[in-house]
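Take a look at the structure set out below.
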Number of protein chains: 2
Amino acid sequence: MQDLSSTEVYSLSILSVACIAILVNAWNSDGEPLFASLAISGAAFSFTYAVIRWTGDVFIKRGYKGKDLSKKSPVELPEAMGLISALVYLLAVVNFLPFAFKRDIVEATSGGGNKDRVLEAGMDDTGRFLHRFPLEKLASYGFAYGTLATTTILGILDDSFDMRWRHKFFIPAFAALPMLGLYFVDFGVTHVVVPLPLRPYLGELIDLGGFYYLYMAAVAIFCPNCINILAGVNGIEVGQSLVIALLLLLNDFLYVSPWMHQPHPATDSHLFSIYLLLPFVGVSLALLSHNWFPARVFVGDTYCYFAGMVFAVVGILGHFSKTLMLLFIPQIFNFLYSAPQLFKVVPCPRHRLPRFNARTGLLEPSVATFSEEKPLRPIVGEVLKVLHELRMLRVETNEKGRVTQCSNFTILNLWLVWRGPLREDRLATEILVMQTLCGLLGLWMRHSLALLLFSQDNRF
Amino acid sequence: MQDLSSTEVYSLSILSVACIAILVNAWNSDGEPLFASLAISGAAFSFTYAVIRWTGDVFIKRGYKGKDLSKKSPVELPEAMGLISALVYLLAVVNFLPFAFKRDIVEATSGGGNKDRVLEAGMDDTGRFLHRFPLEKLASYGFAYGTLATTTILGILDDSFDMRWRHKFFIPAFAALPMLGLYFVDFGVTHVVVPLPLRPYLGELIDLGGFYYLYMAAVAIFCPNCINILAGVNGIEVGQSLVIALLLLLNDFLYVSPWMHQPHPATDSHLFSIYLLLPFVGVSLALLSHNWFPARVFVGDTYCYFAGMVFAVVGILGHFSKTLMLLFIPQIFNFLYSAPQLFKVVPCPRHRLPRFNARTGLLEPSVATFSEEKPLRPIVGEVLKVLHELRMLRVETNEKGRVTQCSNFTILNLWLVWRGPLREDRLATEILVMQTLCGLLGLWMRHSLALLLFSQDNRF
């Protein structure tokens, strides 16, 4: 497991050398942050790929391991390997720093160890098309880093101490504190634009005050947790995160592309987002190539929290958290659909991942069973039967019409109810395609239908 | 172990309530960062104290445990509990953020989610005596947080994966990258003031360029590692860190006290240092009360790295790394004195902590023995004998005059050579007193003798 094949060594070396060459070039020509970010992301991919391979055995030895139950002959695989992705990501983000700000670096300083800020006039008018962002973003960058590092710490603790669900749920809120603190100190904007139909009653802007912080905390809790609960199939945690990241990048490029009307007030926020997302794509691709069916490593809660928090950070500090939510439609659906089991209205088994049928090699919906001793409340049973009629669930009843079992309430099981048994990679692929289509629809709504609700799209 | 006594519950509750009251007051009167920082540090003490008690068993259960070999009947104690201190510290630093910057918060913003910086004229002239620091420090604060969070991650990895010495040594350099990146982007000062005697040759200022970054990286590697190697006796890791922190605070207060000539150009840097050190003192005191003789918990490498990095961060970002080094005199001595064993000139046993004599209950110097098969090189033996004559080592020789054993090369063993066998807490206390005296001497040198080398002390 731990050795790279010679083809892999060769490819990764070529990639790394190319990336380093681009970085050297970028440095000599004034930073060039966008190329530098791409190159650093490429290098991060190589490094993550190799380190995951090298350290897998160490993880197993220290007890971070698990069996893949959806295979004919389950072997022990290293668990929590998303930690490597998170660490390399943090390293990449730090190393990008000098490139991001090279043009803005203030060289004149006073002798006593204190800096004088030399503000260049017209700094904002030039260089916009070269995708640099100004020094004011530095604090955001630092706190984004701090938030993600804290998320990583708490992810490790979760993976090594097996926390209880009710503690785990709030982990991201703790990790998001640096970001919320920064938001409070540096932006402090708690006004939101009111949709047109409501303006006669509420005015054009409404100040949500403290509620806006609750909203941001909710986003920060929601993103990591909902990635964490849409899980259980090889590659699905990393795959869904990559889809979201790529769609966010697509949206960002709409704002920074040179053929758009420039300078645009939101350009800096979207550059910030691009620079945080590109290395995320790099480290996630490396992880996916080990976690895709048949998985050789598991990603762990660390990765899910970390990925979710990357999205929360770019959405909140980039001021497009509503757009972000449009890219989480399948996750939101999954969360709402899961709610009856999460809140124990319907009994919830320990694991709800699809059931592996060793005879066919395919995945089938897993089920919750309701015994004679602990039957469902009749009203709940009736609702489940209606859901069955609507093809939103598969229910089995006994001869008396009592519900004896139902498929578990996750989008993965529902998909299997709709599509019939599928091989694991087929299921993951279909879910990711569905997610991509939902996301594209969301972005389209954001940029066209939004004009019906708001008087202008901030893209123009 | 895990329950707090009713006296403890009572005292911690009183303290917490008092701290929260101070915080509420501070918030209502414009921030008052110094009081807020004190109150947050008090609350951090209470919280750390309680959480260490509550989670000790969980740590043991997860395999973070060790035996205290310097006791008559060693029991298993939780290891790596410094992690709790580090986590509470990070939480405290984040919660302080709104208080630090409240006065500077920019409330006017444009509608599109982008902030306008409203720079108030004369911001620097008012409020200096109220110990606020301006918004420009925000990025430093964020990257300091990021550096310490990264240090915590790497500390956890070290404590859970038992890294090799040659990997461990460079951990702090990785963790220090965010800080060095920030320094590069935001300050970029690589000039140092040349001491008077050298000025005819070098000029008044000399630009160290890239070497200055190497110097900072060296400081960041040195501080955590030298706290980590001056260890092995109950309370010594936390105790020495507290002594350094308190001496740094003493130095900081020289710059910010209202009876000094104000405004002083270095005031902001020292406020920054105070705000980072006060909560450190809070969480360390709580840890020390569990780690002091007879220890109920061990602190782990996490704490040593974390503590050292706190000092490196305040020293580097506060621009007083040379002063910082003056407070590390005993650690520097210990490192140099250890060098013959660290670099294998003299054979080094696995553990070098003082040997516990179960009969007397006292600690004695531990020894390295040199067998007939693997004797010392003759020249090394001769040097050891000279050191013995100078009372810098205890050496035993056989009838032929060949060195058969010597005390291990650590300051703790040397102290026992000088003072004779001591009880564990007595040894720790004496070392800490010695360290305090060295530190005070260092600070005195800094503020008086420095005038002989430099034309002015930046304090005036």
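Even glycines carry a Cβ here, placed using N, Cα and C.
With a cut-off of 8 Å between Cβ atoms, the residues of this chain six or more beyond the transmembrane segment (B:9-28) that come close are 35-36, 38-40, 42-43, 45-47, 49-50, 98-99, 102. Annotation source TrEMBL lists transmembrane segment at B:9-28 (among others).
Residues or ranges marked as transmembrane segment in TrEMBL: B:34-56 (among others).
Among the features that TrEMBL reports, transmembrane segment is placed at B:77-101 (among others). Same-chain neighbours of the transmembrane segment (B:77-101): 23, 26-27, 31-33, 36-37, 40-41, 43-44, 47-48, 51-52, 55-57, 59-60, 64-68, 132-133, 135, 137-138, 141, 144-145, 148-149, 151-152, 155-156, 159-160, 237-238, 275-276, 279-280, 282-284, 286-287, 290-291, 295-304, 306-307, 310, counting only residues six or more beyond its ends whose CB sits under 8 Å from a CB of the stretch.
Within the chain carrying the transmembrane segment (B:138-157), a Cβ under 8 angstroms from the stretch's Cβ atoms is held by residues 80, 82-83, 86-87, 89-90, 93-94, 97, 100-101, 163, 171-172, 174-179, 181-182, 186, 224, 272, 276, 300-306, 309-310, 313-314, 317, all 6 or more beyond its ends. For B:138-157 (among others), the entry in TrEMBL reads transmembrane segment.
Residues or ranges marked as transmembrane segment by TrEMBL: B:169-190 (among others).
For the transmembrane segment (B:210-230), the list of distant contacts is 151, 169-173, 175-176, 179-180, 183-184, 189-190, 192, 236-237, 240-241, 301, 304-309, 311-312, 315-316, 321, 324-325, 328, 330-332, 334-335, 338, 342, 410-412: same-chain residues at least six beyond its ends, Cβ to Cβ under 8 Å. If you look up TrEMBL, you'll see B:210-230 (among others) marked as transmembrane segment.
Look at TrEMBL and you will find B:242-260 (among others) tagged as transmembrane segment. Same-chain residues lying 6+ beyond the ends of the transmembrane segment (B:242-260) with a Cβ under 8 Å from its Cβ atoms: 129, 131, 266-267, 269-271, 273-274, 277-278, 280-281, 284-285, 288, 310-311, 314, 320, 323-324, 327-328, 432, 435-436, 439-440, 442-443, 446-447, 459.
TrEMBL lists B:272-293 (among others) with the feature transmembrane segment.
Here TrEMBL flags B:305-329 (among others) as transmembrane segment.
Long-range contacts of the transmembrane segment (B:169-190) within the same chain, counting only residues at least 6 positions beyond its ends with a Cβ under 8 Å from a Cβ of the stretch, are 139-140, 143-144, 146-147, 150-151, 153-155, 158, 163, 207-213, 216-217, 220-221, 223-225, 305, 308-309, 312-313, 316-317, 319. Here the transmembrane segment (B:34-56) has Cβ contacts under 8 Å with residues 1-4, 8, 12-13, 15-16, 18-20, 22-23, 25-27, 78, 81, 84-85, 88-89, 91-92, 95-96, 99-100, 130-131, 274-275, 278-279, 281-283, 285-287, 289-290, 296-297 of the same chain, all six or more residues outside its ends.
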